[in-house]
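Enquirer: This is the structure I want to talk about, given as structure tokens.
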Amino acid sequence: MIQFRNVSKRYGKKTILDNLTLDIKAGEFVILIGPSGCGKTTTLKTINRLIEPDSGEIIIDGKDITKVDPVKLRRTIGYVIQQIGLFPNMTVEQNIAVVPKLLNYSKEEIDAIVHRLLELVNMPYEENAKKYPSELSGGQQQRIGVLRALAASPPIVLMDEPFGALDPVTRDSLQEEVKKIQKKLGKTIVFVTHDMDEAIRLADTIVFMNDGKVLQVASPEEMLQNPADPIIKSFLGKHMNHENNAANLVASDFMRAKVLTVPKTKKTLECIELMSRRDVSSLIVVEEDDTYLGTVSVDKIRAQGKAGKEIKELVTVESMTVTRNSNAQEAFELLIASPTGYVVVLNDDNTVAGLITKTSMAKAMGEALWGEMTQ
Amino acid sequence: MADLFFLTIEHMVLVLIAIVISTAFGILLGIISYWTPYLDKIILWTVDSLQTIPSLALLSILMIFFGLGNVTLIVGLILYSLLPIVRNTYIGLTGVSPHLKDAAKGMGMSKLQRMFKVELPLSFPLIFSGIKIATVTALSIAVIGVLIGSGGLGYPIYRGIQTMNFSAIIKGTIPVVIMAVIFDFFMSKIEQKLVARGK
Ligand SMILES: Nc1ncnc2c1ncn2[C@@H]1O[C@H](COP(=O)(O)OP(=O)(O)OP(=O)(O)O)[C@@H](O)[C@H]1O
Ligand SMILES: [Mg+2]
């Protein structure tokens, strides 16, 4: 429905839009997100020709928009500006009626539209229609700003941070309303925000921009799973912790790093003593150069150990090992299957990094789900 | 006394005719300056210079073209009143918030529609204060009209000066002052209302 083909815009030497190519489908809720100054507003304004690109073309419904009369074009594209921009010399009713009037709708039609829209956002006509914008709260003003953009039922609506300065509660309910309207009326919405919460809630597709370039175009789920750039990751912030950790976690995230190791030359008696003192049932045995050799259990020493012998004769290699960077899921499966009830985690140089036990696994999973645990 | 009343009305009518015409031209020139990036300097400079010409000199020059009588006075008053109206129109229009201009443009208003539905209404408080200044100034300048043979309260004042008749001078001056005060008072009231509504 809206296609950007190699669109560029410069102000002086500064490149604001850098060879932007983008495809927006009909009926899609597309969110432009990115750091301040990355060119979101500029991108939006090129769609209704408030800004003309230096090169490239924008095509709406198959037509190059530079071939369309800009005034006519704009009447078919709803526009909510970043600063609300209600006309202070007009009442609420007059503000909403601007575009229908430009399109010569009849008085009855306009009346019906204003009534219906005000009802949609729970602002009764009798109470609100004759008020001036200065008599409304910030939230009410933003509502009217959105209604004004919808009044003539444009198939495309551009919204530039329409809920910028709102408290979370009002914001939530307005987001809800906009999403409902979009679904019900099948609008194509291009919506700018720099709030990832908002993007994830509303978007069918998120377009992440930085420095005038598109870094990633993806559904919210895709973006959460595979952010294409560290900047996107940082924008995703807390969402990453909640929803994405599982895919990125590795064995070392689940292990207990403080483990008891003994050199293979240690005598069996000393080992027994150490184990009872530390209240553990097995030990990890390492070579002289600290690389992993194997494990030994207290039962085995009791059964076969002879006083004065070195522990290396009793070491078994039946314990499961993983390297610290192996996938967490693999470690998890090994742990379930492990006869000893633990999995040894090794560093790349084969030294011991830690131990995954059922307790350490449970604790790490709890943290991934609910954040840092105190206990 | 009846004479004085007639002269007062005449004085006021002359001024109001000039102000109405000057307002129409002034707003038009203000709009043209706002719309044309290079013309704005020239227009503003011209109306500025007009006002630096001493009123008597201006009227004398105009007399060459328009002869003796009320027409010359009205033309003079129009030229004098242009400055505050053109300037305030220009300042008002350029001062409308760029966001509102963007919004108006983005909704699909043509240049003329933007002017008449958004930009002019929002500038109107400032334009009106320009008209007020012009009116009050014109009321006093009109007194000089007597020297180029026009009517109004200039005549009794001038006669009073010639005959050293102070009471005649005062009788002529008081209505001018009263009119100026009354116009200023009521127009300021309207101005305040406009400003308050435009917020
Ligand atoms: N008329 C202009 N002249 C020069 N530079 C401009 C102009 N308009 C915008 N810019 C610059 O273009 C860049 C992109 O601006 P834009 O308004 O598109 O950013 P944005 O992504 O919408 O930012 P924000 O999130 O702060 O609204 C900014 O660095 C801005 O300073
Ligand atoms: Mg912006």
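Using N, Cα and C of the backbone, Cβ positions are placed for all residues, glycine too.
Remember, TrEMBL labels are computer predictions, not curated facts.
Remember, it's a predicted structure, so these values are computed and weren't measured experimentally.
Straight out of TrEMBL:
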| type | residues | note |
| --- | --- | --- |
| DOMAIN | A:2-236 | domain 'ABC transporter' |
| DOMAIN | A:255-313 | domain 'CBS' |
| DOMAIN | A:314-373 | domain 'CBS' |
Enquirer: Across the domain 'CBS' (A:255-313), what are the DSSP residue counts per state (helix, strand, coil)?
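Expert: For that range the per-state counts are 21 helix, 18 strand, 20 coil.
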Enquirer: What does DSSP give as the helix, strand and coil breakdown of the domain 'CBS' (A:314-373)?
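Expert: For the domain 'CBS' (A:314-373), the helix, strand and coil counts are 24 helix, 18 strand, 18 coil.
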Enquirer: What mean pLDDT score does the domain 'CBS' (A:314-373) have in the model?
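Expert: Here the predicted model's pLDDT, averaged over the domain 'CBS' (A:314-373), is 81.
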